[in-house]
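Trainee: Could you have a look at this structure, given as structure tokens, before my questions?
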Amino acid sequence: MTELKTITIIKPDDWHVHVRDGKILEKVIKYTAQFYKRAIIMPNLEDPITNCVKSLAYRNRILNSIKFNSTFQPLMTCYLTPFTTSKELEYGFYKKIFVAAKLYLKSSTTNSENGIKNINDINHILQCMEDISMPLLIHGEDNDKNIDIYDRESEFIKNILEPLRKKFSKLKIILEHITTKDAVEYVKKHDEQYLSATITPHHLMLNRNDMFLKGIQPHLYCLPILKKRTHQQALRQAVSNGDKHFFLGSDTAPHLNKNKIHCFGRPGIFNAPSSLLCYITVFEELNALKHFQAFCSENGPNFYNMPINTETVTLVKKPFKILNKINIGKKKIIPFLSGKTLHWSMKT
Ligand code: DOR
Ligand code: ZN
């Protein structure tokens with residue numbers, strides 16, 4: 001019998017996850033904890049994580065939800081509101097309660113009602129973050145109602161990010177879950193110490209045609225929305241070159257099925273059960289496996305000035321069937337690629 005192909009890499013980190021709270025948290029956290037050593041936890045709960053006290057309590061709830069022996073570390077972030085104070089941020093950052101702060105423009109995505117209406121309202125906060133080298137994580141979409149949904153990212157770069165970077169050129173920024181050629185090009189132009197970007201598995205694997213294949217597919221609706229194929233190709237090209245500006249951030253975002261299949265269906269793709277296996281699938285397709293470890297396990301910690309993990313994981317070229325659903329009491333969550341088979345699995 002021929003040996004199965006295997007790849008061993010430094011244990012990866014996921015630099016962008018939504019794990020929610022309560023019963024959903026209890027069910028979903030194990031999927032992130034099985035693949036990743038650390039994960040940046042998004043603060044957009046219904047009651048957002050806006051201060052140190054809430055963050056410490058949420059971190060405990062996350063750790064208490066992990067039922068197996070695990071060394072997983074949640075890395076917490078502060079949700080910026082018009083009422084955030086520099087004192088709170090600075091204290092949280094120095095005490096290692098927060099590793100970063102997250103910028104949502106008001107009403108741009110799930111639970112962003114408490115976000116920022118005008119970026120100039122938080123100049124004092126951005127100045128403080130630049131001074132203490134605290135990373136700013138950005139949901140980069142200009143949600144002005146006159147801007148086409150497919151142009152929100154490129155308009156954000158022009159209208160908001162570029163002026164912001166001119167004012168705060170030493171602020172460490174991560175443009176989260178980029179989806180366009182415009183973002184790839186913009187990020188690449190700048191020093192990777194100050195500007196980098198995360199890329200999701202779904203934006204690497206899919207484009208907007210997939211969202212309308214055989215009818216509208218609510219489980220593929222996320223924000224930023226899937227873009228056209230040329231943008232998908234630009235993202236694939238970006239990761240296949242091993243560029244240090246780009247790293248893994250799955251944006252796994254579970255929603256109950258009833259809230260996805262709804263007349264106001266919510267944005268978000270729950271990819272945690274397969275995210276790492278999706279990434280390796282893409283890197284293999286691109287003949288770029290030599291850059292896989294840097295994308296998963298090195299570029300992220302280097303940007304955040306954190307140590308590179310010492311544990312390893314081994315992936316095996318063996319079929320892996322993604323579960324159909326997870327039950328949350330009588331309700332359910334449908335994962336990304338539900339019921340489909342990937343060619344890679346994790347060695348246990
Ligand atoms: O698709 C998304 N889902 N994009 C976001 O920005 C938020 C996330 C969520 O929290 O559901
Ligand atoms: Zn997100």
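Glycine residues also receive a Cβ, built from the backbone N, Cα and C atoms like all the rest.
Automatic, uncurated: that is what TrEMBL annotation is.
Checked TrEMBL, it gives:
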ACT_SITE  D251  active site
BINDING   H16, H18, K102, D251  Zn(2+) 1 binding site
BINDING   H18, V19, R20, N44, H139, L223, H255  substrate binding site
BINDING   K102, H139, H177  Zn(2+) 2 binding site
DOMAIN    14-314  domain 'Amidohydrolase-related'
MOD_RES   K102  N6-carboxylysine
Trainee: Of V19, R20, N44, K102, H139, the binding-site residues given in the record, which has the fewest other CB atoms within 10 A of its CB?
Mentor: N44
Trainee: Between H16 (Zn(2+) 1 binding site) and H255 (substrate binding site), find the distance joining the two CA atoms and give it rounded to the nearest Å.
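Mentor: Taking the Cα atoms only, H16 (Zn(2+) 1 binding site) lies 16 Å from H255 (substrate binding site).
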Trainee: Pop the Cα-Cα gap between L223 (substrate binding site) and D251 (active site) into the table, whole Å please.
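Mentor: Distance (Cα to Cα, whole Å): 10 Å.
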Trainee: In the same chain, outside K102, H139, H177, whose C-beta lies within 8 angstroms of the Cβ mean position for the Zn(2+) 2 site?
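Mentor: For the Zn(2+) 2 site, the extra neighbours are H16, M42, L103, Y104, T109, L137, I138, G140, E176, D251.
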Trainee: Give me the CA-CA distance between K102 (Zn(2+) 1 binding site) and H139 (substrate binding site), in Å, as a whole number.
Mentor: 8
Trainee: Return only the integer: C-alpha distance in Å from R20 (substrate binding site) to H177 (Zn(2+) 2 binding site).
Mentor: 18
Trainee: In Å, rounded, how far does the Cα of H18 (Zn(2+) 1 binding site) sit from the Cα of H139 (substrate binding site)?
Mentor: 13
